[in-house]
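Reading through the structure tokens given below for one structure.
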Amino acid sequence: MKRSGSGSSKREWKPLEDRSCTDIPWLLLFLLFCVGMGFICGFSVATGAAARLVSGYDSYGNICGQKNAKLEAIPNSGMDHTHRKYVFFLDPCNLDLINRKIKSVALCVAACPRQELKTLSDIYKFAEINGSALCSYSLKPSEYTTSPKASFLCPKLPVPASAPIPFFHRCAPVNISCYAKFAEALITFVSDNSVLHRLISGVMTSKEIILGLCLLSLVLSMILMVIIRYISRVLVWILTILLILGSLGGTGVLWWLYAKQRKSPKESVIPEQLQIAEDNLRALLIYAIAATVFTVVLFLIMLVMRKRVALTIALFHVAGKVFIHLPLLVFQPFWTFFALVLFWVYWIMTLLFLGTTGSPVQNEQGFVEFKISGPLQYMWWYHVVGLIWISEFILACQQMTVAGAVVTYYFTRDKRNLPFTPILASVNRLIRYHLGTVAKGSFIITLVKIPRMILMYIHSQLKGKENACARCMLKSCICCLWCLEKCLNYLNQNAYTATAINSTNFCTSAKDAFVILVENALRVAAINTVGDFMLFLGKVLIVCSTGLAGIMLLNYRQDYTVWVLPLVIVCLFAFLVAHCFLSIYEMVVDVLFLCFAIDTKYNDGSPGREFYMDKVLMEFVENSRKAMKEAGKGGAADARELKPMASGASSA
């Protein structure tokens, strides 16, 4: 592809012509880092952490379910627990929030108590019937009801019913009341603990509804992707109308429920339930006011954006054609999510291994803890960096895969000559040539993300202790790093597109992409503003539809105060699902635009320099130019920018 224009860069763009490995040193560095992650996991397993994690161990260092070796100067160690396979805590609800562990004596037992034990006699009968002693090893079952030491050597009464956790052999209480207390300690802004108990109980009693609504959000996201593919020309107006109806409907339903609850006679309410009824009424009023404010703000935004809404229709149509030719793009979020889940499971398991690895040390209470000494105690820092870098690497691989597939589609003149599966072909090129580029790009994001997370941690630890100046400086630094991270993410995505086009290394691709974006700043602003807003409307539509369905289903539960937590969970999940699907669409639009900008920069439609672009994309740019001129925002600069495309329109 020849360069055109005296202001163009000297290096030529040759899409899909040359392929070479890029950023090999960074690939080697990433592989070496992964070897270090594997060493941490191997070290944890080799030092016995895996057995202690899976089988569990008591407060004396004995691993349950096996015969143990005697530990020097530690009583009750070296016991044979072959027939005692479960870890039982004498006081499972005594939680240490600082060290994030159960602050209780742990014993190895033969069976977990499946029913509540209210007295020492019940504990004795359980030991006689099941052969499982729930009191300290030094106390025989026959002494449970006679020894004065039983009050502190036996479990705290009543002993809650418990069941073993699958694969981890810990007896966990079936009743979640103690976990509610744990939440109370974490959520400091809730002054009324009874409200928190009701919220948590509301989640547990509505778990089937929550699961069904989460599934509904997934189905709605898939349907929205289908709509984008096949009716892109009317999608914008459908989204707008449905969003108006959804926001008005949700607001109306909330005000109707408030009016209905307010008119209900209070004389029939028993005094004990009067406070709950008032809380319900107040909660409905807050929900209705919040929905009204949201609807008004949304209408104002749509009023401002109404003249630009039509500009997005043609762009969505072109992106929709990409999804028609590359249907596997729709499933990209699944593969990425699956890879992330696998890595996160591995990371969490290794982190748990690190929590149980090391040498046995006797604490102040005389119980055993396992701690790592020396330089190896800082391995978890390395492990945290690995979480961020490898997670960003997986996300970057998705971006490079999508970019490679869309680039192949754009720069293939005859679409009948496309590879059988462009997605798999893009994955093949990624693995063979561009893993180093992805590793370097993800490492740059990691370098920005880590300081921001450290500052956020410092801010949370100093909350209420720092002065106003320090608080302002911390928040400013966090905000600046967040903005820098977002800018680098956008530049990285375009750098991956440039790498997919020309097979250059990361720095060269980032520079070339930056130059192209600066040269097309007006179009970048217009497309990103309108396109992102319409995709945001799609996300809001899915969240509103799921939330409205949740309101209608939860209406059958008259305790309106407990709505908030189930609805928040459902709406957050719906937004995350919609974001995962529509972010792929947004990615395709960005890749198409960069390809289009490069196409118009180096081609003018003359023989030998024909455009690669779709005719609909040409019409979109022409319509954009006309609309911007009508709005008084086109100007001479924009006219000059679009002049090469206008000259070649007849030959496209």
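Going from the start of the chain as shown, residues are counted 1 onward.
Cβ from N, Cα, C; glycine included.
Within the set 191-212, 411-432, 631-652, the record from TrEMBL flags 631-652 under the feature region 'Disordered'.
Within its own chain, the transmembrane segment (378-411) has Cβ neighbours under 8 Å at 15-16, 30, 33-34, 36-37, 40, 43, 322, 325-326, 329, 332, 335-336, 339-340, 343-344, 347, 350-351, 354, 372, 418-419, 422-423, 425-427, 429-430, 434, 437-439, 441-443, 445-446, 449-450, 453, 492-493, 496-497, 499-501, 584, 587-588, 591-592, 595-596, 599, 612-613, counting only residues six or more beyond its boundaries. Long-range contacts of the transmembrane segment (209-228) within the same chain: residues 203, 235, 238, 316, 319-320, 323, 330, 538, 541-543, 545-546, 549-550, 553-554, 566, 569-570, 573-574, 577-578, 580-582, 585, each at least 6 residues beyond the stretch ends and with a Cβ under 8 Å from a Cβ of the stretch.
If you count C-beta pairs under 8 angstroms between the transmembrane segment (337-358) and each of 24-46, 234-258, 533-554, the highest count goes to 24-46. Sequence-distant contacts of the transmembrane segment (234-258), counting only residues of its own chain at least 6 positions beyond either end whose CB sits under 8 Å from a CB of the stretch, comprise 227-228, 281, 284-285, 287-288, 291-292, 294-295, 298-299, 302, 309-310, 312-313, 316, 534, 537-538, 540-541, 544-545, 547-548, 551-552, 555, 560.
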